[in-house]
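For reference, TrEMBL has these:
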type: DOMAIN; residues: 41-290; note: domain 'G-protein coupled receptors family 1 profile'
type: TRANSMEM; residues: 25-48; note: transmembrane segment
type: TRANSMEM; residues: 60-81; note: transmembrane segment
type: TRANSMEM; residues: 101-120; note: transmembrane segment
type: TRANSMEM; residues: 140-158; note: transmembrane segment
type: TRANSMEM; residues: 197-221; note: transmembrane segment
type: TRANSMEM; residues: 241-261; note: transmembrane segment
type: TRANSMEM; residues: 273-292; note: transmembrane segment
Amino acid sequence: MKQNNETIVTEFLLLGFSLLKDTRLYLFIVIFIIYIVTITCNIFIVIIVKTERRLHKPMYFFIGGLSFLEIWFPSVTVPRLLWSLKTRKDSISLVGCMLQFYFHFALGAIEIFLLTAMAYDRYVAICNPLRYFMIMSPKICILLIVGSWVGGFSAVVGPCLQISTLSFCGGNQIDHYYCDLAPLLKLSCSETSSIETQFFCLSLLVILGCFFLIIVSYLCIIRTTMRLPTASGRKKAFSTFASHLIVVLLFYSTSIFMFVRPSTGGLLHVNKILSVFPSIVTPLLNPIIYTLRNHEVIEAIKKTTMKMNVFRIPV
């Protein structure tokens, strides 16, 4: 479409990993398997937390909430990537691109808020165990979950609305597998410095702000754990927060590097590679980490599996 002798972009080409022409099929198979296993594992965790009475505790309520989120987070970008790898059709409409941008970053913000809520849950469990079930009541847990979702969807509205008003009148090739901020700003012929500054400040507030709260929580947790009189007590306390700490480190190690820096140029290709971890790899690792390091979850899985075998209809 042309206007005032300028080409107005109405769709984008997501280059993704299209440059790897000889390995597209292998990449499709690997990502497809990871995606299916991710969705299956997280759905299974949600079902177990919902059905097993022994898991009706605040910690598992948050684990179920995180698994529910991890069903949707990769689903915003991975199916589109798989479609592109399989059909070699890389185009996405401007509206589709804005929707993908909004839901990807909104769900990412929700995960950050949810991990912070889970850190608070672990803080109360270890530093104030006698009042744990009174403080982390079902009402408070629901408020923290709902607040995380409302906060995540609200936080990204401003930047998304600003980006939707930009004019794209140059090239339309996005060197990414989803509509990320930096390549979109690079293609725009409008003034983007204010959007870049706003998004940077928002990332600073959400990512580093929540990370600071998590660090404070864990400083208190570790101090309390080290003061326990017995080695078995310290080991038990450590086992209650180790899984969450691993998940936090996995998620934040890439998120901080990708978003908490003012420059949008120079590292676009690096961002594309690193974004695979929070978008594709981490949603798979989270249920595995929580399962392998939690005895109650393992027992609940065994019980559920036995029930499935009992009710299986013989051929």
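Quick reminder: no glycine exception, Cβ is built from N, Cα and C everywhere.
Among residues of the same chain six or more beyond the transmembrane segment (241-261), those with a C-beta under 8 A of the stretch's C-beta atoms are 66, 108, 111-112, 115, 118-119, 122, 125-126, 199-200, 203-204, 207-208, 211, 214, 218, 221, 271, 274-275, 277-278, 282, 285-286, 289-290, 293-294. Across the candidate stretches 25-48, 60-81, 101-120, 140-158, 273-292, the maximum count of CB pairs under 8 A to the transmembrane segment (197-221) is reached by 101-120. Note on the transmembrane segment (101-120): residues 59, 62-63, 65-66, 69-70, 72-73, 76-77, 144-145, 147-149, 151-153, 155-157, 159-160, 163, 178-181, 184, 206-207, 210, 213-214, 217-218, 244, 247-248, 251, 255, 278-279 of its chain, located 6 or more positions outside it, place their CB under 8 angstroms from a CB of the stretch. Away from its own ends, the transmembrane segment (25-48) comes close to residues 17, 55, 63-64, 67-68, 70-71, 74-75, 78-79, 81-82, 85-86, 280-281, 283-284, 286-288, 290-291, 297, 300-301, 304 of its chain (Cβ-Cβ under 8 Å, at least six residues beyond either end).
Confidence in the domain 'G-protein coupled receptors family 1 profile' (41-290), given as mean pLDDT, stands at 87.
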